[in-house]
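This report refers to the structure that appears directly beneath it.
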Amino acid sequence: LRPRKTTRVMDQGLWLLVALVVLWVDSGAGAPRGPTRCMPIPQAMALCHDIGYTEMRLPNLLDHDTTAEALQQSVSWLPLLARECHPDARLFLCSLFAPVCLDRVIYPCRSLCEAVQASCAPIMACYGYPWPAILHCGRFPASHGLCVAAVSNGSRLGRPLPRASCRDCELQDARSSNEVLDALCASDFAVKVRLSRCNGSSSGLSHCHLDSRLEVLKAGPLPASELAPTLRRWLQLDATCVHNLLRGRLAGTYVLGGEVQGPRLLVTTAYVWSQGHRHLQLAVRRWHHHQCPRTQAGQKP
């Protein structure tokens with residue numbers, strides 16, 4: 001990193017962040033908390049590296065005194081971020097773990113905290129984790145104060161954020177071939193695919209690969225040629241979902257179905273493919289000649 005002459009020299013990303021700050025002085029927010037220092041955001045800090053500015057204030061707003069401590073604690077939030085529970089979740093978390101290094105402390109706005117909590121807390125609850133007391137939104141300034149405000153309006157690409165589902169990406173039992181066929185008919189897309197996992201990254205997330213043996217059962221609104229690239233993006237974005245499917249395995253073959261939401265996929269149906277699952281095998285064989293009821297939302301093209 002090249003030495004910076006002063007923390008007032010801002011790159012384009014920092015100007016963008018400062019533009020999000022509501023310009024009204026609040027004596028309670030941003031009050032000095034004793035000696036602070038500016039440190040480069042570590043490249044290994046996947047949560048906040050490349051957030052739009054390069055230096056963070058220490059101690060941060062969670063009372064981490066070193067970059068090593070902030071990095072260690074930030075890793076546990078990466079799986080939630082991968083779920084894309086709210087488009088401003090990263091902005092909110094980084095305002096706490098790696099606050100921008102300005103002349104005074106800038107807290108996240110209470111409205112930003114409340115919006116992220118409303119979307120992400122239900123997903124955390126699905127996995128048995130409550131919203132942490134240290135992130136209680138009441139400790140942050142109201143939106144008329146000097147604070148980091150939300151960027152989004154609570155939607156992505158004009159669509160409402162998906163609701164949390166505690167059964168999201170859980171493997172299902174194929175109790176009958178008809179049940180599987182009904183699930184595929186109700187899906188926007190359906191594929192038979194092999195997933196394999198490679199080494200975990202420094203961020204604590206495992207990177208998974210999509211095998212070339214991809215059988216498109218139903219492309220839905222997507223051209224068949226675009227389904228594989230979209231699935232690869234899904235592998236990178238929804239690491240928690242993939243983890244639930246693999247369940248510690250190094251690789252596996254699955255029949256997946258779900259919804260197409262703009263450029264991303266939401267997997268709602270998942271079966272593991274194995275020699276012993278005769279109902280699933282029969283359903284896939286029958287699928288090529290199966291006619292879905294027209295009353296179902298997802299119709300076989």
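Going from the start of the chain as shown, residues are counted 1 onward.
Every residue, even glycine, has its Cβ placed from backbone N, Cα and C.
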*From the list C48, C126, C137, which cysteine is recorded by TrEMBL as disulfide-linked to C94?*
C48
*With reference to TrEMBL, specify which of the listed residues C109, C113, C166 is paired with C137 by a disulfide.*
C113
*asked:* Please report the Cα separation of C94 (disulfide bond) and C137 (disulfide bond) in Å, rounded to an integer.
replied: 15
*In which DSSP state, out of helix, strand and coil, do we find C94 (disulfide bond)?*
helix
_Nonlocal residues around C113 (disulfide bond), in sequence order (Cβ under 8 Å, 6 or more apart)_ = F92, L135, C137, F140
*Would you count the other C-beta atoms found within 10 angstroms of the C-beta of C94 (disulfide bond) for me?*
26
*Between C48, C137, which of the disulfide-bonded residues has the fewest other CB atoms within 10 angstroms in the structure shown?*
C137
*Helix, strand or coil: which one is C48 (disulfide bond) in, per DSSP?*
coil
